[in-house]
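Annotated features in TrEMBL:
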DOMAIN    15-213  domain 'Deoxynucleoside kinase'
BINDING   Gly19, Thr20, Val21, Gly22, Val23, Gly24, Lys25, Ser26, Thr27, Arg150, Ile151, Gln152, Glu153, Arg154  ATP binding site
BINDING   Glu43, Tyr55, Gln66, Arg91, Asp96, Glu159  substrate binding site
ACT_SITE  Asp90  active site, proton acceptor
Amino acid sequence: MNLREKYNIPSNTVITIAGTVGVGKSTMTKALAQSLNFRTSFEKVDTNPYLDKFYDDFEKWSFHLQIYFLAERFKEQKRIFEYGGGFIQDRSIYEDTGIFAKMHYDKGTMSPTDYETYTNLFEAMVMTPYFPHPDLLVYLEGPIDDIIGRIQERGREMEQQTPTGYWIEMHDRYENWINSFNSCPVLRLDINDYDLVKNPEQIECIVERIAYMLEQSSRFQK
Ligand SMILES: Nc1ncnc2c1ncn2[C@@H]1O[C@H](COP(=O)(O)OP(=O)(O)O)[C@@H](O)[C@H]1O
Ligand SMILES: Nc1ncnc2c1ncn2[C@H]1C[C@H](O)[C@@H](COP(=O)(O)O)O1
């Protein structure tokens, strides 16, 4: 019996993992998918044609990158729908606009016209009753110093060369964003309360909490 059956998690559930760069979303996505026997939907970093250029010159590439991410995430959304759910998704589509596009607009590295075009497109595509929201958003959070340490340790050159002020600003924005997020139920996990690298068996406690949240939110909807 896998953990999905043990904790009565419906096989069509869609869970999205959110949190700042380096916090541990991909690690959590893999661990949850394996224990629940779900499919994964990952952000593809190595094949992204804009990401390196973007980190080199935010102003020039921020609009291109947001459009690329929006298209990729929408395609993934379609794939999840076609399979009838049963997915763990590495990063939510809501973070693209709520964190990244907004931050670059506020900082002046995305022009007001580009930002307006992007948000109009996002709203037309995502903020409609036709776009299925995930059943649960698992939000990973932790101290900024630990997160910067993980970014450095992971070793993506473009991220290592980015000034730490960028990660600090993003970390602060995430805190505000999650406090007002209401598109689906949220489970918040502190990265200092578990360590899936050293203690992979801790995933069961997390699955148990997920099952409880899903049960509560389905009761609430009834
Ligand atoms: N629980 C953990 N304990 C220690 N290191 C971790 C843990 N989870 C992830 N990491 C490490 O932190 C780095 C970033 O994790 P990753 O899952 O790629 O983050 P994200 O997908 O959020 O960018 C990786 O090097 C990963 O091995
Ligand atoms: N919407 C985005 N805008 C800018 N940069 C983004 C966006 N979504 C992801 N990214 C970047 C951040 C990281 O460098 C990589 C992968 O993110 P990760 O949190 O490590 O999964 O893409």
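Cβ coordinates are placed from backbone N, Cα and C, and glycine is handled just like the others.
Please treat TrEMBL annotations as automatic predictions, because they have not gone through curation.
The structure, with features from TrEMBL marked on it.
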| residue | record | DSSP (3 states) |
| --- | --- | --- |
| Val21 | ATP binding site | coil |
| Thr27 | ATP binding site | helix |
| Glu43 | substrate binding site | coil |
| Tyr55 | substrate binding site | helix |
| Arg91 | substrate binding site | coil |
| Asp96 | substrate binding site | helix |
| Ile151 | ATP binding site | helix |
| Glu159 | substrate binding site | helix |
Which Cβ among the binding-site residues (Asp96, Glu153) has the fewest C-beta neighbours inside 10 Å?
Glu153
Using other CB atoms within 10 angstroms as the count, which residue among the binding-site residues Thr27, Gln66 scores least?
Thr27
Looking at the recorded positions Val21, Lys25, Thr27, Asp90, Glu153, which has the shortest Cα distance to Glu43 (substrate binding site)?
Asp90
Binding residues Gly19, Thr20, Val21, Gly22, Val23, Gly24, Lys25, Ser26, Thr27, Arg150, Ile151, Gln152, Glu153, Arg154 (ATP) - maximum C-alpha distance in whole Å
18
Can you grab the distance from Ile151 (ATP binding site) over to Asp96 (substrate binding site)? Cα atoms, rounded to a whole Å.
19
When you rank Tyr55, Gln66, Arg91 by Cα distance to Glu153 (ATP binding site), which of the binding-site residues ends up on top as the closest?
Tyr55
CA-CA within 10 A of Gly19 (ATP binding site), subset of binding-site residues Tyr55, Arg91, Asp96 in residue order, equals Arg91
Of Glu43, Tyr55, Gln66, Asp96, Ile151, listed as binding-site residues, which ones have a Cβ less than 6 Å away from ligand 1?
none
Local Cβ density at Tyr55 (substrate binding site) - other Cβ atoms counted within 10 Å
18
By a simple count, how many Cβ atoms lie within 10 Å of the Cβ of the residue listed as 'active site, proton acceptor', its own Cβ left out?
20
Running a distance check here. Ligand 2 versus the binding-site residues Gly19, Val23, Asp96: which have CB less than 6 Å from one of its atoms?
Asp96
Based on the record's binding annotation for substrate (Glu43, Tyr55, Gln66, Arg91, Asp96, Glu159), what whole-number value in Å is the widest Cα to Cα distance?
19
Among the binding-site residues Lys25, Arg91, which residue has its Cβ surrounded by the fewest other Cβ atoms within 10 Å?
Arg91
